[in-house]
Amino acid sequence: SLYAPSAVVLSIGKGDASGPVTVLRATTLSCAPVPGGTHPAPEAACAELKAGFAGGGFGGLLASPDPDRACPQHFDPVTVTLDGVWEGARTSWQHTFSNACVMGTTLDGGEAF
């Protein structure tokens with residue numbers, strides 16, 4: 001094979017990563033050799049993951065929340081996960097947000113999740 005495989009499952013779930021998380025949505029995404037899977041925007045999502053991958057994790061996907069967008073202060077946790085193979089190596093990444101609004105501002109309207 002001439003390329004390192006990149007194929008992941010992306011999910012959004014209700015709950016905190018320290019407890020039970022109920023999966024609300026999950027998609028598959030393959031980025032090599034060509035973008036595909038069940039993800040609705042595979043090309044954009046692959047580009048976003050490639051740009052957000054650093055130091056063995058995907059923390060680069062997290063932006064500073066938009067200071068002009070106010071989110072309610074209620075705690076209704078949402079957890080995003082990424083599991084699979086990225087550039088030929090097994091990977092697993094997750095992040096919990098205090099609520100869906102905070103998730104939206106921190107992921108900055110990205111395509112991956």
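Backbone N, Cα and C atoms are what each Cβ position is placed from, and that goes for glycine too.
Keep in mind that what you see is a predicted model, and the values were worked out from it rather than measured.
According to Swiss-Prot, the features are:
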DISULFID  Cys31-Cys46  disulfide bond
DISULFID  Cys71-Cys101  disulfide bond
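Sequence-distant neighbours of Cys31 (disulfide bond): residues of the same chain at least 6 apart with a C-beta under 8 Å from its C-beta are Ser6, Ala7, Val8, Pro42, Cys46, Leu49, Lys50. If you count neighbouring Cβ atoms within 10 Å for each of the disulfide-bonded residues Cys46, Cys71, Cys101, the highest count belongs to Cys46.
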